[in-house]
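These notes are about the structure you will find just below.
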Amino acid sequence: MSATATAPVPAPIPLNTIAELRQHHSQLVRLGLASHPSHARRLLAFLARDPAAHLPYAARLLAHHPDPHPALFNPLFAALPPPHAARLLAVMLSLPLPPDHFTFPRILPAAPLPLAAQLHALLLKLGFHFHAQSVNALLSAYLSNARPDLASLVFRASSSGILDVVSWTTMVGGLCKLGLVDEAREVFDRMPERNLISWNAMISGYVKAGRFLDAVEVFDEMRALGVEGNGFVAASAVVACTGPGALARGREVHRWVEQSGIQMDEKLATAVVDMYCKCGCVEEAWQVFEALPVKGLTSWNCMIGGFAVHGRGEDAVQLFGRMEREGVAPDDVTLVNVLTACAHAGMVGEGRHYFSYIVERYGVEPKMEHYGCMVDLYGRAGLLDKAKKVIDDMPMEPDVGVLGALFGACKIHCDVDLGEAIGWRVIELDPQNSGRYVLLANLLASAGRWEDVARVRRLMDARNVTKEAGRSVIEVAGEVCEFRCGSLRHAQAAEVYAMTRDMMSRIGAEGYVPDTRDVLHDVPEEEEKEVPLLYHSEKLAIAFGLLRTRPGDTMRITKNLRVCRDCHEATKFVSRVFERQIVVRDRNRFHHFKDGKCSCNDYW
């Protein structure tokens with residue numbers, strides 16, 4: 001055999017520990033193969049599994065490599081935390097070895113602001129500001145550090161030849177994540193080209209900002225341009241319809257999904273189920289749920305939660321039983337949904353049972369929201385002592401949500417003493433929430449304690465807390481209209497006000513009597529107290545619906561606040577007198593009004 005013959009290459013061995021790596025590395029050094037690119041990459045790939053622990057070893061390996069090049073460093077940059085990546089970059093520059101086009105995109109996206117600024121300076125010095133991927137990584141770094149001003153400077157300073165669709169989309173998505181949706185829309189409208197990620201960034205940005213109608217508008221623009229969507233865009237569009245309860249638009253998006261051949265995976269199907277549940281069509285939600293070939297935990301939770309907010313407690317617990325039989329274990333979300341279902345349906349015994357059963361059988365650890373559900377369960381049923389005992393026995397200090405559940409129950413059941421004590425605690429925990437002050441003032445007003453009501457109002461004024469205006473959204477023939485309590489800006493304002501007065505007059509003739517118990521004004525005459533009730537947003541929305549629908553039609557209304565007792569009673573009369581089915585979604589649940597009755601059976 002020739003003395004110069006190449007030594008046999010050792011067969012690759014599994015590398016599971018640093019000791020095995022050191023042994024293999026030593027063998028490669030003896031054979032003169034340690035600098036071979038494939039072997040070096042394999043060693044570095046193992047070290048990248050725990051880069052923080054193995055950085056010194058990796059740095060020595062790279063520093064002593066006879067022919068280092070950026071391709072050996074770059075994979076490590078992506079795996080390392082930013083401080084360690086900066087140290088490795090210093091090693092690279094000391095060799096000296098300049099970065100390549102893949103270096104900055106690996107380091108920048110996760111870099112904190114000081115490091116991002118230093119890398120920005122290096123990027124300029126080395127001329128990588130003419131490289132699209134490096135610029136995009138810099139934009140992402142500044143936006144993730146909540147510095148849209150610096151990102152905008154980089155964006156404006158880059159020539160149009162450098163910026164690509166990823167650059168524009170990075171700006172749109174980053175601005176949306178920072179809540180700057182108007183600025184994001186300006187960038188979006190100027191985009192020379194868009195891809196599906198761009199469209200979804202803008203649609204989902206509006207959704208996260210609660211601007212659902214704007215999200216639907218962008219989706220409509222996408223469809224008008226003939227852009228074919230995907231599951232991500234479809235899910236965002238479905239959620240956009242869920243927010244305002246725009247059922248007609250939600251059905252349209254659902255049909256578009258089916259006609260477009262978009263795969264109805266579990267995530268998208270769950271979004272559709274949630275949309276139908278929150279738009280008041282639990283039966284259609286059920287059809288989509290049943291059609292799912294494989295139902296994951298998220299789908300089960302969504303459907304159980306849908307039954308819960310519609311007050312269908314029996315259906316919810318039966319579905320939970322079926323979920324168990326199919327071998328799906330519940331989680332903490334399941335427990336919340338089952339307890340909510342029991343609370344809304346007045347199933348106190350069942351709620352108590354399922355709390356103990358799910359916790360003990362499946363090891364679900366009760367959290368704050370679960371204790372809040374138990375307080376709500378007992379509170380709605382008027383068992384205020386038991387609700388208070390839940391709070392007293394909790395293993396943690398109750399938060400404002402738990403105390404708020406007891407506070408609301410005190411208002412419902414007119415326990416002024418307990419309600420006042422809890423109410424002041426709730427206000428101190430949540431001082432900028434106007435609803436807390438209003439609830440306490442209503443409770444005190446029900447007892448005729450007008451001086452204390454004035455004290456609550458003075459505290460609101462001192463803290464610059466403004467009462468949240470009641471808003472109701474109604475969808476009629478695909479058109480979504482919003483009405484505010486006491487204020488009407490609509491092309492048919494005169495007709496709506498006239499119909500509201502006529503509606504109240506007609507139901508009054510049928511036996512409706514205004515419930516003025518929640519009117520704060522300290523006025524002696526009942527007739528004067530009735531005036532504010534006349535222009536509640538729900539009544540205005542119903543009056544508009546009566547102008548645009550026929551007997552037998554269904555009207556769907558979404559409210560931002562809990563439905564008041566007077567509107568609840570009036571809507572029952574309207575459903576019978578005007579022969580409409582009226583579905584109202586308030587802050588807590590759904591109410592289905594038909595033939596003078598409500599699905600909640602006056603238990604809400």
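Glycine is no exception: its Cβ is also placed from the backbone N, Cα and C atoms.
Copied from TrEMBL, the annotated features are:
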type	residues	note
DOMAIN	511-604	domain 'DYW'
REPEAT	164-194	repeat 'PPR'
REPEAT	195-229	repeat 'PPR'
REPEAT	296-330	repeat 'PPR'
TODO: Take the repeat 'PPR' (195-229) and find every residue of the same chain, 6 or more past its ends, with a Cβ under 8 Å from one of its Cβ atoms.
DONE: 165, 168-169, 172-173, 175-177, 179, 181, 184-185, 188, 236-237, 239-244, 246, 249, 253, 256, 260, 262, 480
Task: Secondary structure content, the repeat 'PPR' (164-194) (per DSSP, counts of residues) - done: 23 helix, 0 strand, 8 coil
Task: Mean per-residue pLDDT computed across the repeat 'PPR' (195-229) - done: 94
